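> What follows is a single structure, and I will ask about it in a moment.
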Amino acid sequence: MRRKLIIGNWKMNGSPQSVTALAEDLSSGVNNLMLGSVDAVVCPPSVYTAAVVELLAGTSIQVGAQNVCAEALESGAFTGEVSAQMFAQLGCKFGLVGHSERREYYGESDAVVATKCAHLLAQNITPVLCVGESLAQRDAGDALDVVSGQVAAIIEVIGIAQFLSVVVAYEPVWAIGTGRTASPQQAQEVHAAIRQCVAGYDSVTAERMQILYGGSVKGANAAELFAMEDIDGALVGGAALDAEEFCVICKSAE
Ligand code: PGA
């Protein structure tokens, strides 16, 4: 039985005041839920990572990174970047890689995403590999091939043994921040294809790996998504900025 995982991606939002308030509300809200089979994670902007780790210390909520430096694992002359080692030293347990916004606005290729995965793994941080098709790709009937290709590209570089420690997040690009969620059936179809792709390398890894759904997840649609066989949780953007909404999503996963 796979555990459920709910990850809040705060993206580039928040002020010192609002981030503190959100972390405090989450800390009491999630604690009150007394989650048994669900793990909760939040990924703040890196400038707030240390503060959020401190604010959530002693709670069951873990903290993750939204992005990580590809060029070096520890330190070096890479202005503006934050390394996997730095996140690990702060206590981060998860790191997003390959989010469609990174692929689109920063030109991240599968090769860069694979390097970032490897850096996180080297620091015992679980990479959350984001994959997903564009609307044009879906309309052309290519969704399953595109997504399987994105997963396979990473396995080919880091190896299937390492992939056992990776979480996959399926996020159809057309559903991110648009209010348009994939139907539970549409999401399930892609999740099953991802598991089948991984099973082509190793069936045990395929069975154990967590595959999250992301794209306009909110309290109102979470339960029907989590009812699907291959959906093991959610990567939540907009709704993760509201503590109450995030708690409803976590509760729906129990
Ligand atoms: P959304 O974002 O929930 O606001 O659609 C999800 C994501 O991009 O991770």
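Here the Cβ of each residue, glycine as well, is placed from N, Cα and C on the backbone.
As the structure is a computational prediction, the values presented were derived from the model and not from experiment.
Feature list, courtesy of TrEMBL:
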| type | residues | note |
| --- | --- | --- |
| ACT_SITE | HIS99 | active site, electrophile |
| ACT_SITE | GLU171 | active site, proton acceptor |
| BINDING | ASN9, TRP10, LYS11, GLY177, SER216, GLY237, GLY238 | substrate binding site |
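Give me the lay of the land around each of these features.
DSSP assigns HIS99 (active site, electrophile) to coil in the three-state reduction, outside any helix or strand.
Within the same chain, residues at least six positions away from GLU171 (active site, proton acceptor) with a Cβ under 8 Å of its Cβ are HIS99, SER100, CYS130, VAL131, GLY132, TYR213, GLY214, GLY215, LEU235.
Listed in sequence order, ASN9, LYS11, ILE176, GLY177, GLY214 are the same-chain residues at least 6 apart in sequence whose CB falls under 8 Å from the CB of GLY237 (substrate binding site).
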> To test your reading of the substrate site: which residues beyond ASN9, TRP10, LYS11, GLY177, SER216, GLY237, GLY238, same chain only, put their Cβ within 8 Å of the Cβ centroid of those residues?
ILE176, VAL236, ALA239, ALA240, LEU241
> Select the most exposed residue of ASN9, LYS11, where exposure means the fewest other Cβ atoms within 10 Å, treating these as the binding-site residues.
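Lowest Cβ count within 10 Å among the binding-site residues (ASN9, LYS11) is LYS11.
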> Counting only residues 6+ apart in the same chain, whose Cβ is under 8 Å from the Cβ of TRP10 (substrate binding site)?
VAL19, LEU22, VAL42, CYS43, PRO44, PRO45, GLN66, ALA240, LEU241
